[in-house]
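Feature annotation from Swiss-Prot assigns transit peptide to 1-29; the stated evidence is sequence analysis. According to Swiss-Prot, the feature domain 'tr-type G' maps to 31-310. Summarising the annotation, Swiss-Prot assigns GTP binding site to 40-47, 104-108, 158-161.
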């Protein structure tokens with residue numbers, strides 16, 4: 001016994017030391033990782049910025065150019081043909097002893113869902129602004145998405161080589177339109193030939209890039225006493241003053257020092273990092289990606305100011321040492337099959353590992369790859385904080401949370417609720433979904449479709465292949481809706497816009513070799529009830545020798561909160577208390593399913609609540625029969641109450657020369673548009689802010705080009721739904737029936 005104890009002591013000690021050193025190594029490894037997203041309005045230069053990062057990091061040997069169609073991150077045929085990003089892509093590269101996992105995201109409003117899913121995988125973002133345009137419509141959208149995920153940000157003001165670039169206007173836009181606190185770390189300067197250089201606020205240096213070697217090298221020279229240096233010193237003092245009001249460590253040094261000139265650069269950078277990761281400020285840098293200026297300093301700022309994985313996502317500590325990974329993208333490779341991009345939030349994923357999704361689907365990881373857009377390098381294991389591509393996952397969908405076992409998931413949910421102080425043992429069946437559902441990816445939020453259309457294969461023999469293609473595309477893109485219309489017998493697609501639907505058709509042809517036919521695009525109208533209604537439906541049938549019996553009383557009322565509730569009045573409560581939770585769930589599911597298709601144009605019924613008054617279910621009645629009866633009862637109620645149509649409204653920003661504004665506004669008035677404001681935009685242009693019905697905007701881009709002789713530009717995005725008058729409702733119904 002003594003001999004055993006003497007022998008086991010050193011072994012246990014060695015094992016403990018190994019575990020400790022392993023944990024220290026993992027923390028050190030994680031501290032050198034940066035998971036970042038690149039966000040921007042379309043055409044701000046986001047993909048060009050990404051391509052320059054890859055080039056200067058040594059990941060690519062040649063500069064990728066959007067106009068040449070040879071970019072790494074825009075690898076789809078449609079992306080290279082159109083010069084826009086359609087799908088998010090992940091690339092990994094090293095920069096100054098750090099590993100950067102970068103996600104290049106789409107800038108077009110039709111692909112907002114791609115951005116949303118990508119933000120679950122990153123710890124910080126770089127927002128690219130067009131220096132000639134400032135904050136634009138989609139900039140505001142992606143900024144609000146980053147706000148939702150509480151992500152620290154850097155700003156890169158691109159295209160500062162252009163004569164019409166205005167850095168001060170961009171900074172002003174950040175304050176006014178995004179209501180943020182920008183801190184400028186750089187200022188632009190141009191020589192006599194108009195070549196862009198950068199003055200660095202912290203180091204008081206001028207940075208000049210060498211174009212002979214494609215911007216690989218740059219000179220940093222201390223400024224000599226001059227007006228430029230005095231101005232830069234003032235900016236440095238302002239930066240120190242601003243940061244000292246936000247950071248105690250810097251404030252203590254400022255109080256004890258005689259001059260701001262004595263404040264060490266490293267101290268400023270540490271204070272700036274703390275303020276950035278705490279989202280108190282947003283550092284602003286500048287350059288020109290196309291002209292190879294400023295990119296290396298941008299990557300330095302990513303390492304210096306954006307957080308490491310260990311500084312984020314503490315909410316996933318509830319998983320302990322178990323695996324927690326968020327699926328943010330799925331792509332289909334012809335040789336490897338479906339490839340799943342996962343951000344590892346906790347634990348370690350190894351080749352051959354068994355994983356389970358929060359929806360209960362078991363999977364086995366056959367291979368692991370390091371991402372480089374559409375190229376892959378195989379690895380055996382990946383640590384927490386990193387991004388990895390998993391092969392072999394057949395049922396996982398975008399947005400899923402993966403962990404090591406069902407018990408690990410349940411324990412994590414329990415710990416999470418305990419951390420919130422939520423120890424309630426029972427939640428009423430008609431309560432809203434648990435607030436942890438989004439965290440654990442049980443109920444991902446998917447935006448409503450704006451357009452829909454039918455899709456037909458070229459022949460009956462291609463039907464199965466088309467359905468398989470749509471199934472794969474839907475796994476990649478959750479915002480693509482696929483349904484079957486039992487009335488017409490057609491497959492129906494729902495999407496976020498005309499471009500979205502066009503890209504889906506193009507991808508089915510190029511990737512699956514099926515020349516599908518899309519029907520005319522239809523507006524995705526919604527419906528809402530005109531008046532409350534109450535009815536009772538009793539149904540009895542004999543199916544396969546078994547008696548099926550349901551009697552149910554439901555009511556529909558105007559309500560924007562819960563979809564389904566119980567009418568707990570004294571008359572109904574005794575009956576409701578006899579209904580088992582499972583039956584209540586079946587009744588809820590059947591009732592809500594009927595709201596997916598309204599009686600007028602088949603639009604989703606919104607702003608409507610279903611109230612269950614009472615229900616009597618015969619012994620042995622199948623759940624499917626109960627569900628169908630509930631749906632039938634709601635359909636009857638909708639016909640009784642009547643519905644009104646709600647049409648989608650788009651928010652437009654139109655920029656045009658002042659002399660073209662009157663013609664544009666006259667055309668907008670004919671399109672039932674509501675002009676919100678007309679603002680000056682530079683010296684010669686004006687910007688019109690307007691809301692208009694989507695139904696009136698078919699072909700509007702071409703019309704705007706004609707009216708303005710090609711001098712106007714436009715962006716638009718969904719901004720809600722609005723009621724219609726009876727004339728427009730009748731016209732919408734005729735369009736839905738194919739009569740217009």
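Cβ from N, Cα, C; glycine included.
The structure, with features from Swiss-Prot marked on it.
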{"residue": "40", "record": "GTP binding site", "DSSP class": "strand"}
{"residue": "46", "record": "GTP binding site", "DSSP class": "helix"}
{"residue": "105", "record": "GTP binding site", "DSSP class": "coil"}
{"residue": "160", "record": "GTP binding site", "DSSP class": "coil"}
Taking the Cβ of residue 160 (GTP binding site) as reference, which residues of that chain separated by at least 6 in sequence fall under 8 Å from it?
-> 131, 167, 188, 196, 286, 287, 288, 293, 294
So what's the average pLDDT for the domain 'tr-type G' (31-310)?
-> 88
Using a 10 Å radius on the Cβ of residue 46 (GTP binding site), the other Cβ atoms enclosed count 28
